[in-house]
Amino acid sequence: MVHPLFRHAEFYTTVNHIKDLPQATGVEIAFAGRSNAGKSSAINTLVGRGRFAFTSKTPGRTQHINFFQLGEERFMVDLPGYGYAQVPLAIRQHWVHLLSTYLQTRQALYGMILIMDIRHPLTKLDLQMLEWFAQTGKLVHVLLTKADKLSRSKALAVLDEIRQFLSTSYSGCTVQIFSSLTSEGAEEASRLLQDWFDEGGARVQQLNDSEISNQKKTPAKGD
C-alpha cells in the first residue's frame, strides 16, 4: 500500500540550470544515484505509479533536475544519474556542476536518498557523491536497490558490510535494502521520508517564526 505522503504527488518543474531553480521556500529531499542503479524505479515504487518518474533502459536519460511536489512545500528532487561514460564530456561536466552546486548550496535541501545497486555498491562515483554531500552536514540514507537479484542471505551480508563502512566513514548515514520489483523496503523508506519532511517542515517554521520575531523587534525608520 502506498504511504499517505505520496497520495497527492505530482510533477512540479524541471530545471537544467541552477539559475532556474524554484524559490527555496519549502523542504526538499534529493534522490541521487549512478545511471541505471534504479533511481527512477525506486521513486515510482514509493509513489505507486509505474511511470511517475521517467525510466529508461538507456542509462543517462534523466538529464535535468526534476521536482515532484507532495503537497504544499514538500518536494522530491530527482537528480541526473551519474557515471554513464557514453554521454558527451560537455554534458557530463555540466551535470557535475549542476549536481555539486545544488547539493552543496541549496538551503531548502534537508537530506539525500542515495541509490546504489546492491550488486555494485560504493562505486568511486558513489563515494564522491558522499564526499560532496558530507560537507553539508545534512542527512543521507542509502537504498540498496535490486535486492531481488540476490539471495536473501547475500543481500543481508551486503547490507551489513555497507552499514559497517558507513558507520565508520560517514557517521549518521543510514542504509536499507530495497526492491522495486517486490516493493521490499518501500514502507521503511516511506516512513523515513515522512520523518524527514516533518523534521524539515518544523525547522522551516522555526526559522520563519524567528524572522517574524526579529522584524517585530527592529524599530521602523523614524521611530
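Cβ from N, Cα, C; glycine included.
Because the structure is a prediction, the values reported are computed rather than measured.
Its Cβ placed at the centre, HIS64 (GTP binding site) has 16 other Cβ atoms within 10 Å. In the three-state DSSP scheme, HIS64 (GTP binding site) is classed as coil. What Swiss-Prot records for 33-40, 60-64, 78-81, 145-148, 178-180 is GTP binding site, and it gives sequence analysis as the kind of evidence.
If you look up Swiss-Prot, you'll see SER40, THR62 marked as Mg(2+) binding site, on the strength of sequence analysis.
Averaged over the domain 'EngB-type G' (25-199), the predicted model reaches a pLDDT of 91. As annotated by Swiss-Prot, domain 'EngB-type G' applies to 25-199.
Taking only the Cα positions, the spacing between LYS146 (GTP binding site) and SER40 (Mg(2+) binding site) is 12 angstrom. Within the set of binding-site residues (ASN36, SER40), the lowest number of other Cβ atoms found within 10 Å of a Cβ is recorded at ASN36. The candidate set comprises the binding-site residues GLY33, PRO80. Of these, GLY33 has the most other Cβ atoms within 10 Å. For GLY33 (GTP binding site) paired with SER40 (Mg(2+) binding site), the C-alpha to C-alpha distance reads 10 Å. GLY33 (GTP binding site) falls within a strand segment according to DSSP. DSSP gives LYS146 (GTP binding site) a coil state; it is part of no helix or strand.
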